[in-house]
Amino acid sequence: MEITNVTEYQPIAKQKLPKMVYDYYASGAEDEWTLKENREAFSRILFRPRILIDVSRIDMTTTVLGFKISMPIMIAPTAMQKMAHPEGEYATARAASAAGTIMTLSSWATSSVEEVASTGPGIRFFQLYVYKDRNVVAQLVRRAERAGFKAIALTVDTPRLGRREADIKNRFTLPPFLTLKNFEGLDLGKMDKTSDSGLASYVAGQIDRSLSWKDVKWLQTITTMPILVKGVLTAEDTRLAIQNGAAGIIVSNHGARQLDYVPATITALEEVVKAAQGRIPVFLDGGVRRGTDVFKALALGASGVFIGRPVVFSLAAEGEAGVRKVLQMLRDEFELTMALSGCTSLKEITRSHIVTDADRHRPVSRL
């Protein structure tokens, strides 16, 4: 079967992967309402395309925290990629580099920061969970910096792990032949098998529930890397992130894996963008499966998007070639959406190119 869009990788991954692994990647929290809504909210945003514009040349390049990338589509942190494919994060890093875009490495990767750096050149960010032992955190941040990583994506929505019922049913744990490589030398690389989710127990034992805004300040004292705050959904937290020195915000609901019944990220995006007032860039992850989704996010003020599940599903199906294909398909679809909307560069994508539910509920004069 010829793959023609990103979503076609998911059923292939479901066939190839053990149930415990597939369910870990695919499932959301509790009723999975937000999981469905992350996708469905995009479908309620419609286009207002402009016509008779010369679109023979289209420029999708952009800069993120000063780093030039080929397109505003980047790779989100997804944990334990060697469960999907033996090459895991190595394959993802090479695919991102080949596409000229950013890869974010999860704290809970099955390849270390040093190993990923060894795959060759590329712009890489490091996603950070804050452990109770701050020495572990400081050590990890310094290693990422030494390995050439360019920014920290601090996950702030996980003081405890969301209730992921598939993981509880499957007694999820990291397969015995794998470790959380960044923590291997610290005796924190293994996950015990428990009577429910092994990951939930690991998080309860290791992750610092007392994490607060003062820790964002503390991180700035131990690294020169800019800090993106990942997991913001409200204007209030946007303003606090800016006050506390964040270099950017990632509007994220953790792939709908934490608190169920929070809004889709595309629904929360505009509130965050308005509160940021252009002072720092705002990015989005969650539910992006089409180039049209990328355009909608940018029209609502995002500086770029991160993709997660499409990476692990394509990795499971076809390894590095699959991840490359996902990035290429999204790129091609996004370019086509720009052309058919009458936009030749990212700065030409504006709020007037789309209509949302909110617009339909109130008459808006566009003259």
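Our numbering is plain: 1 for the first residue shown, then up by one each step along the chain.
Cβ atoms here come from the backbone N, Cα and C positions, even for glycine.
Sequence annotations record features per position, and here TrEMBL assigns active site, proton acceptor to His254. Per TrEMBL, glyoxylate binding site is recorded for Tyr24, Tyr129, Arg164, His254, Arg257. As annotated by TrEMBL, FMN binding site applies to 77-79, Ser106, Gln127, Thr155, Lys230, Ser252, 285-289, 308-309. Per TrEMBL, the feature domain 'FMN hydroxy acid dehydrogenase' maps to 1-359.
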Checklist line | For Gln127 (FMN binding site), nearby residues of its own chain (Cβ under 8 Å, 6 or more apart in sequence) | finding: Pro77, Thr104, Leu105, Ser106, Ser107, Ile152, Ala153, Leu154, Thr155, Lys230
Item checked: Least Cβ-crowded entry, counting other Cβ within 10 Å, from the binding-site residues listed as Arg164, Arg309 -> Arg309
Next item on the list: Have a look at the binding-site residues (Tyr24, Tyr129) and report the one with the fewest Cβ neighbours inside 10 Å.
Entry: Tyr129
Next item on the list: Show which residues of the chain containing Ala79 (FMN binding site), separated from it by at least 6 in sequence, have their CB under 8 Å from its CB.
Entry: Ser106, Ser107, Trp108, Ala109
Note to self: With Cβ-Cβ distance below 8 Å and at least 6 positions apart along the chain, what are the contacts of Arg257 (glyoxylate binding site)? List them in sequence order.
What the structure shows: Ser27, Gly28, Ala29, Leu35, Gly162, Arg164
Next item on the list: Quick one: give me the count of other CB atoms within 10 A of the CB of His254 (active site, proton acceptor).
Entry: 23
Next item on the list: Only counting partners 6 or more residues apart, tell me which same-chain residues put their Cβ under 8 Å from the Cβ of Arg289 (FMN binding site).
Entry: Asn5, Val6, Thr7, Arg39, Phe42, Pro310
Check: By CA distance, which of the recorded positions (Tyr24, Tyr129, His254) lies nearest to Gly287 (FMN binding site)?
Finding: His254
Next item on the list: Give, as a single whole number between 0 and 100, the mean pLDDT over the domain 'FMN hydroxy acid dehydrogenase' (1-359).
Entry: 93
Next item on the list: Specify the nearest of the recorded positions His254, Asp285, Arg309 to Tyr24 (glyoxylate binding site), where nearness means the distance between Cα atoms.
Entry: Arg309
Next item on the list: Please list residues from the chain of Asp285 (FMN binding site) whose Cβ is under 8 angstroms from its Cβ, counting only those at least six apart in sequence.
Entry: Ala76, Lys230, Ile250, Val251, Ser252, Gly255, Thr265, Val305, Phe306, Ile307, Gly308
Next item on the list: For Tyr129 (glyoxylate binding site) and the residue listed as 'active site, proton acceptor', determine the Cα separation and express it in whole Å.
Entry: 13
Check: How many Å lie between the Cα of His254 (active site, proton acceptor) and the Cα of Arg309 (FMN binding site)?
Finding: 11
